[in-house]
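A short write-up of the structure that comes next.
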Amino acid sequence: MLQTDNLTAAQPQRIVAAQTASAQEELLERALRPKTLDDYIGQHKAKEQLAIFIQAAKKRGEALDHVLLFGPPGLGKTTLAHIIAKELGVNLRQTSGPVLERAGDLAALLTNLDPHDVLFIDEIHRLSPVVEEILYPALEDYRLDIMIGEGPAARSVKIDLPPFTLVGATTRAGMLTNPLRDRFGIVSRLEFYENRDLTTIVSRSAQLLQLDMGEEGAMEVAKRSRGTPRIANRLLRRVRDFADVKNNGVIDAAVADAALSMLDVDAQGLDVMDRKFLEAVLHKFGGGPVGLDNVAAAIGESTDTIEDVIEPYLIQQGFLQRTPRGRMATERAYLHFGLPVEK
């Protein structure tokens, strides 16, 4: 049984946020993380491709081509990076774009790699230009070109590197420079999960946590998880708390529904912030079109928060449209709130 008593994460501002809420939540994610491609649920196309590329690299005794994983947060990019290293039977070194401030930071990592090791850089779109320039020859030729000294005494030193695999992860592939993007031989986009796969993930997590949970309870959690395993596992922990107090730890569909309703997560995975936004568009602006600034003023949120946090899921699920004239509620939004559809 996993020991999780001291790993319970504090509830984030939005329980349906896809970002990791805390260090404690990250620790629990690691405990629940699948270790092999066979255990990894969902992302069938990416998983099938990686399995073939990994087997081919091992068969030839070569380093795997550099891998770029992109897609919304919480879908398993970090998990896949760990699995790639595990399947290759090599070490994984992990860092993130913002941490690599100077060329020396990257050089220290690269020169300590063993042959065929995996270097995982999360948020790779946030690499500084200086570090990115150093990375190019390392990716192409397994070589570092570093300037030592300053002024007339400066000289270039070339350092040979062992063959290695860079796995880069990003939620914003469009922010990668073309030269960096072109150096990845394998590019995989991770998609939002189907409810069927999320139900399997919730059931697996419940089993690891030794929870008394039936399939209907897992389905109830899955369908409110916004297609995101990280959210599913977070909701599962809160449902577990509710079941421990209200139903002797037994989680069925009714208990899951009651727990998630108490948390203001409705049957479509919308929370208070989502509903507040949609209700403003529907009731205050007649369903739209309405400008972003007007909606932001009406609900007391910044335009950045609306664009980056609220709107993506609503658009992806078909509750909202962005048009040249502004935001418009869709037919699905009217039906969700029990309103007559505007013609």
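Cβ atoms are placed via backbone N, Cα and C, with glycine included.
Look at Swiss-Prot and you will find Leu32, Arg33, Gly74, Lys77, Thr78, Thr79, Glu140, Asp141, Tyr142, Arg183, Tyr193, Arg230 tagged as ATP binding site. Under DSSP, Tyr142 (ATP binding site) is assigned to coil, being neither helix nor strand in the three-state scheme.
According to Swiss-Prot, the Mg(2+) binding site annotation covers Thr78. In this structure, Thr78 (ATP binding site) is part of a helix by DSSP.
According to Swiss-Prot, the DNA binding site annotation covers Arg322, Arg327. Long-range Cβ proximity for Arg327 (DNA binding site), meaning a same-chain Cβ under 8 A and a gap of 6 or more residues, is found for Val281, Gly288, Pro289, Val290, Gly291, Leu292, Val295, Glu311, Leu320, Gln321. According to DSSP, Arg327 (DNA binding site) sits within a strand segment.
What Swiss-Prot records for 4-193 is region 'Large ATPase domain (RuvB-L)'.
A mean pLDDT of 92 is what the model gives for the region 'Small ATPAse domain (RuvB-S)' (194-264). The feature region 'Small ATPAse domain (RuvB-S)' is assigned by Swiss-Prot to 194-264.
Per Swiss-Prot, the feature region 'Head domain (RuvB-H)' maps to 267-343.
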Residues Leu32, Arg33, Gly74, Lys77, Thr78, Thr79, Glu140, Asp141, Tyr142, Arg183, Tyr193, Arg230 binding ATP per the record - widest CA separation, whole Å | 37
Secondary structure of the region 'Small ATPAse domain (RuvB-S)' (194-264) by DSSP, residue by residue, totals 51 helix, 4 strand, 16 coil
Let me know how many other Cβ atoms fall within 10 Å of the Cβ of Tyr142 (ATP binding site).
-> 17
Thr78 (ATP binding site) has its Cβ surrounded, within 10 angstroms, by a count of other Cβ atoms equal to 21
Other CB atoms, at most 10 A from the CB of Leu32 (ATP binding site) | 18
Rounded to the nearest Å, what's the C-alpha distance separating Glu140 (ATP binding site) and Arg322 (DNA binding site)? Just drop the number here, would you?
-> 41
